[in-house]
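What TrEMBL annotates here:
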- 70-89: transmembrane segment (TRANSMEM)
- 101-122: transmembrane segment (TRANSMEM)
- 128-147: transmembrane segment (TRANSMEM)
- 154-173: transmembrane segment (TRANSMEM)
- 193-213: transmembrane segment (TRANSMEM)
- 241-260: transmembrane segment (TRANSMEM)
- 280-301: transmembrane segment (TRANSMEM)
- 334-353: transmembrane segment (TRANSMEM)
- 365-382: transmembrane segment (TRANSMEM)
Amino acid sequence: MVIYSVFGWFIADQFRLVYDDRVPWDAYFSFDNYSIVTTGGGWERHPFSNYFFDLIREAALWLSGGKTDATFRIVLSLFSATAISFTMLQFYKYFRNIIKLPLSVNLFLLLFFSLFTTPILLSFTPETYTFSFFLLVLFNYFAALKLSQEKRIGLLPLTGFGILIGGLTITNLVKVYIPVLFEKNLFGKWKNIGKAILNAIISAGIFIFLYLWRLDFRIQLIIEQTSTQYEKFSKPKVTPLWDMMTSWFWGGSMLFPNFIVRDYKSKTGFQYKGLFMDVYSSWVSYLFIAIITVLIIWGFVANYKNKLVQVLGLSLLCDVIIHCVLKFGLHTSYIYGGHFIFVVPMLLGWLFYSQRGNPKTISALWTVLIILFAYLGFNNIYRLTEFITFANQYYR
């Protein structure tokens, strides 16, 4: 938490990247900090985020004396750093209490994951993804705890997590109901199936009612806006589909690729620079992603009968369908990492678990991951210096 907070403090204090009221969106990597902090973002994708960010914004304004200055930005960044730090705590608890990994493996996976693109960027970014990331990891730990204890997820937590997770990003709502499919004896008795379906209907019904109530039940508006957003964010780009999936959706959430700078102009006429991720230019980066992918598939296959692993697989599948099949936001899919990249360290943890009786395999796994860790650290720290150079040049 100290490292994330210090880094976030530095970025917020020295640069206007975190919040600049002249820059509505896309200052860096397509994050919409200003829009999210002031309005909560588009209601069709983030139904209840406006209430959440109203609280954060008012707290930051109160501490900054009503000014959107460096203090205001620092408070916003500290909220994000705190969220990411507590996310890491949930990982630690998942590794210790669910997978029951040795402390050395637990801490290594935490350190390894802490250098991923997603937690680094979200640690100072006041966006919906930051808090969705925390809530999704928290829910996965909670659900895993319930399933491992052969207990059912009650109506109250199901509804609460549905409102919180789906309220920040509506497409994540379905992930709340995935663990219910793996509750003990669910399909053994009609009574259990009926109760699970009833809980899901009530929970989803409450969410839908609140969603419609916020919009004065203008269903046609929801359909039109959703259709417009899909058309806007799913147009094919010149970049090959496989490279967008590799460099941006999957790889961009772990390993920084090259950066490119673009010119932008706001509706008020303010000209500014935006930083974006390019595709990978080195075969080593593609090899890194390929090895991680093989390890993840191995971890899933080795534990395919484990319901907790199946939950992770289905959760990841939701985002694969949204971004890779439907192509929604695929051209900037590196910003969505908070919705799914947590499955990587979790499945790596399950891989260690599955090989616990094979010392030679464990040693080989350690060797591979240490090499990957060294490259990850070197690459991402180097790219961070480029990021800071960009901020220093255009957002001082």
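Glycine too: its Cβ is placed from the backbone N, Cα and C atoms.
Annotations in TrEMBL come from automatic prediction, not curation.
Remember, it's a predicted structure, so these values are computed and weren't measured experimentally.
Take the transmembrane segment (365-382) and the stretches 70-89, 101-122, 193-213, 241-260: counting Cβ pairs under 8 Å, 101-122 has the most. Beyond the ends of the transmembrane segment (334-353), by six or more residues, the same chain brings 29-31, 87, 91, 94-95, 99-101, 105-106, 109-110, 112-113, 116-118, 122, 127, 129-130, 132-133, 136-137, 140, 169, 171-172, 248-249, 252-254, 277, 292, 295-296, 298-300, 302-303, 306, 308-309, 312-313, 315-316, 318-319, 323, 362, 365, 369 to within a C-beta distance below 8 angstroms of the stretch. By the count of Cβ pairs under 8 Å, the stretch nearest in packing to the transmembrane segment (128-147) among 70-89, 101-122, 154-173, 193-213 is 154-173. Sequence-distant contacts of the transmembrane segment (193-213) (same chain, six or more residues past either end, CB-CB distance under 8 Å): 47-48, 152, 154-155, 158-159, 162-163, 166-167, 170, 173, 176-177, 180, 183, 186-187, 219, 222.
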